[in-house]
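Trainee: Supplied in structure tokens, the structure appears directly below.
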Amino acid sequence: LSCGDVATQMASCINYLRGAGPLPAACCNGVKNLKNSATTTQDRRTACKCLISASKTISGVNFGLAAGLPAKCGVSIPYKISPSTNCDQVN
């Protein structure tokens, strides 16, 4: 799993995460694909680090929307998408 993979899966979520549009089905599909491809602890930590890094570099991200995204898509992930998340603690 690479940050490129994460970015590809999450690209359709950007407008929603900026509060600039509705939640597209493609975004939830990306969230589900990402969860399904992160099968090991290392993959989950990589995905976490990539998500946190991307959320800091994309301007205008609403972290409330980001944190709620997995639940809105019906997916459970073992960490919060937040700048303060310590990805090294993800199992």
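Backbone N, Cα and C atoms are what each Cβ position is placed from, and that goes for glycine too.
The structure displayed is predicted, hence computed values, not measured ones.
Pulled the feature table from Swiss-Prot, pasting it below:
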DISULFID  Cys3-Cys50  disulfide bond
DISULFID  Cys13-Cys27  disulfide bond
DISULFID  Cys28-Cys73  disulfide bond
DISULFID  Cys48-Cys87  disulfide bond
Trainee: With Cys27 (disulfide bond) as the reference Cα, tell me which of the disulfide-bonded residues Cys3, Cys48, Cys50, Cys73 is the closest one.
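Mentor: Minimum Cα distance from Cys27 (disulfide bond) across Cys3, Cys48, Cys50, Cys73 lands on Cys73.
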Trainee: Helix, strand or coil: which one is Cys3 (disulfide bond) in, per DSSP?
Mentor: helix
Trainee: Going by a 10 angstroms cut-off between Cβ atoms, which of the disulfide-bonded residues Cys3, Cys48, Cys50 has the sparsest surroundings?
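Mentor: Ranked by other Cβ atoms within 10 Å, the disulfide-bonded residues Cys3, Cys48, Cys50 bottom out at Cys3.
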Trainee: Could you say which of the disulfide-bonded residues Cys13, Cys28, Cys73, Cys87 has its Cβ with the most other Cβ atoms inside 10 Å?
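Mentor: Of Cys13, Cys28, Cys73, Cys87, the one with the most crowded Cβ is Cys13.
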Trainee: Which of the three DSSP states, helix, strand or coil, fits Cys27 (disulfide bond)?
Mentor: helix
Trainee: List only the single closest residue to Cys73 (disulfide bond), chosen from the disulfide-bonded residues Cys3, Cys13, Cys48, Cys50, Cys87 by CA-CA distance.
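Mentor: When the Cα distances are compared, Cys13 comes out closest.
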Trainee: Quick one: Cα separation, Cys13 (disulfide bond) versus Cys28 (disulfide bond), in Å?
Mentor: 8
Trainee: Could you say whether, by DSSP, Cys73 (disulfide bond) belongs to a helix, a strand or a coil region?
Mentor: coil
Trainee: To the nearest whole angstrom, state the Cα distance for the pair Cys48 (disulfide bond) and Cys28 (disulfide bond).
Mentor: 17
